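Quick look at what Swiss-Prot lists:
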BINDING   R37, E38, D42, R150, R151, G152, H153, T154, E174  D-ribulose 5-phosphate binding site
BINDING   E38, H153  Mg(2+) 2 binding site
BINDING   E38  Mg(2+) 1 binding site
SITE      H136  site 'Essential for catalytic activity'
SITE      E174  site 'Essential for catalytic activity'
Amino acid sequence: MNQSLLAPFGTAIERVEAGLNALRQGQGVLVVDDEDRENEGDLIFAAETLTNAQMAMLIRECSGIVCLCLPDEKVKALELPAMVEHNSSQYGTAFTVSIEATVGVTTGVSAADRVTTIKAAIADNAKPSDLARPGHVYPLRAQPGGVLTRRGHTEGTIDLVQLAGLKPAGVLCEVTNPDGTMARLPEIIAFGALHNMPVLTIEDIVVYRKSLLAKVG
């Protein structure tokens, strides 16, 4: 990762703390993974604070494949099976079947409908029958252990919202350029500056979590 580009955002610890503060305030954060992995940046919001305007941004400025990151126990509680029996994707991205709220939506595609679906899924009393399958929101199952187990955006999202003291559910979408290509670090930093969003990396979250473990130890 080109640390010189990230230097204006502070140290790894400072970048994560800025991200946590943004999430607590209901704002978005940009998270970049390792250059030797997907080398992509995702725009992430806490699911519980997600607004229709923020969903519209995810649809308009990003790839449009809006994903809901959930911990393993929530996926099991909602009885969401894996999208495929044998996952052969390069990085083992753990998609479940797609979902739609059974109440309060029309076609399920609009920003408002997708937010309604997400709020239905993350409700404390949510039941499998609250969600139709398939739909227009794509849940992702996070590995237990977070980024210390798997260095993916799914795990990074759950780690961040939990570290921020929020409900363990987050929404992400890959940032794209206007021409449809994937945004890399320079474009992601420019996007963050334009929208006043902090930028951090999966590696930063690893460093932050290890520092917390060291303090406990």
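Just so it is clear, glycine is given a Cβ too, placed from its N, Cα and C backbone atoms.
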Three-class DSSP secondary structure - H136 (site 'Essential for catalytic activity'): strand
Largest tally of Cβ atoms lying within 10 Å of a Cβ, found at which of the recorded positions H136, R151, H153: H153
Fewest Cβ neighbours within 10 Å, where candidates are the binding-site residues D42, E174: E174
Nearest-integer angstrom distance between the alpha carbons (Cα) of H136 (site 'Essential for catalytic activity') and R151 (D-ribulose 5-phosphate binding site): 26
Three-state secondary structure, which DSSP defines for R151 (D-ribulose 5-phosphate binding site): coil
